Amino acid sequence: MSDLPGVAITGISGRMGQMLLATLKASGKARLVGAVERPGHGWLGQDLGEAMGGPALGVTVTDDPLEAFAKAQAVIDFTTPAATLGFAKIAAQARAVHVIGATGFTPEEIAALEPAARHSVQIRAGNMSLGVNLMTKLVKTVAEVLGDDWDIEVVEAHHNRKVDAPSGTALMLGKAAAEGRGVTLEEHSESGRHGITGARAQGAIGFSSIRGGDIVGEHDVIFAAPGERLVLRHIATDRVIFARGAVRAALWGIDKKPGQYDMIDVLGL
Ligand SMILES: NC(=O)C1=CN([C@@H]2O[C@H](COP(=O)(O)OP(=O)(O)OC[C@H]3O[C@@H](n4cnc5c(N)ncnc54)[C@H](OP(=O)(O)O)[C@@H]3O)[C@@H](O)[C@H]2O)C=CC1
Ligand SMILES: O=C(O)C1=N[C@H](C(=O)O)C[C@H](O)C1
C-alpha cells in the first residue's frame, strides 16, 4: 500500500477528468483513490481502467461522492457549478481539500461555496495554469499604470463544446484589470454588443467570446488608446497545463487551514 496522498477525481470521463488522471499518474506524487461520475453514467460500477478500455486500475467508478471522498485527502473537481456546490459540502464532511476548476458560477453560487470552506481547504480558480495566473498580475499592473482613456477589452477563444461565456479566465483577467483601476468589474463590465450599441462607455471593461473547433483556450487583454495598443496574450495549446496546476493545488492544500484559496496562493505569486 503506497503512502502517497490519495486523490479523488470527479467528472472522471470528461476532457479534464481524463487529463487529470494521466497527470496525477505522471506526477508520481499522489495516487488515485476515487473516481466519480454523474448518476446514470455508463462507467458506474466498473473498474475505471477497464471502463476506459485498458487494464484494471483498482478504482471503481461511483456516483456516491462521499464513498470516494472519504478515502481521499484531496478532491479535484472539474465538473459543473451545480455539481460542485454539492461536492463542496461532501468534501467538507470528509475534511478533504477541494480543488475547484469548474467555471460559469453565478455570484450567488460563488457565495454558496463559502460555508463548506469553514471545514475544508477550498482552492478555486477559473484557470489553473502558471501562465494565466502570472498574466493576471501583469494585467493588474498595466491597468494601474494606464488611465481609463485606455480602453480595456478581453477577447477569449475556446472549443465548440464550451458551455459558459465569458470564460472563467476572461473574468479573472477582467477582475484583475478592474482591481488595477480601483473599480469593480460588476459596475464596469460590458459584453454581448450587437446592433446600435452607442459609443463605448469610458472605463468599460469589454468581453468578447469566440467558439470553434478544438481551441484549448486563448486570451488577449487589449489596452487601446489613440495611436497605440498594448496586448497581453496567453495561448493554451495543451490541457495538461490546467491539470498540472490542479494536482499542484491538491498537494499544496493538504497541510493548510480550512478556508478559500486561489492559484495565486498556491503558486506564491
Ligand atoms: N480552471 C481551469 O483551469 C479549467 C477549467 N475548466 C472548466 O472545467 C469544467 C469542465 O470542463 P471539461 O472537462 O472540458 O468538460 P466535460 O464536459 O468534458 O467534463 C465534465 C465532466 O463532469 C461530469 N459531470 C457533470 N455533472 C456531474 C455530476 N453531478 N457528478 C459527477 N460528474 C459530473 C460530466 O459528465 P457527463 O458528460 O456525462 O454529463 C463530464 O464527464 C468547465 O467548467 C470548464 O470551463 C476546464 C479547463 C481548465
Ligand atoms: O472550458 C474550457 O475548456 C476551459 N475553461 C476555463 C475557462 O473558462 O477559462 C479555462 C480554460 O481556458 C479552458
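Glycine is no exception: its Cβ is also placed from the backbone N, Cα and C atoms.
Of the residues proposed, GLU37, GLU114, GLU144, the one TrEMBL records at the same NAD(+) site as GLY11, ILE12, SER13, GLY14, ARG15, MET16, GLY101, ALA102, THR103, ALA125, GLY126, ASN127, MET128 is GLU37. Sequence-ordered, the extra residues of this chain that approach the (S)-2,3,4,5-tetrahydrodipicolinate site, with Cβ no more than 8 Å from the Cβ center of HIS159, GLY168, THR169, are THR103, GLY126, ASN127, GLU156, HIS158, LYS162, ASP164, SER167, ALA170, GLY217, HIS219. Spanning the residues GLY11, ILE12, SER13, GLY14, ARG15, MET16, GLU37, GLY101, ALA102, THR103, ALA125, GLY126, ASN127, MET128 that the record associates with binding NAD(+), the maximal Cα-Cα distance equals 22 Å. Checked against ligand 1, the recorded positions SER13, ARG15, GLU37, ALA102, HIS158, THR169 give SER13, ARG15, GLU37, ALA102 as the ones with a Cβ under 6 Å from it, listed in sequence order.
Each of the active-site residues HIS158, LYS162 was assessed for Cβ neighbours inside 10 Å, and the highest tally belongs to HIS158. Among the binding-site residues ALA125, ASN127, THR169, the ones whose Cβ sits under 6 Å from an atom of ligand 2 are, in sequence order, ASN127, THR169.
GLY11 (NAD(+) binding site) has LYS162 as its nearest neighbour among the recorded positions HIS158, HIS159, LYS162, GLY168, going by CA to CA distance.
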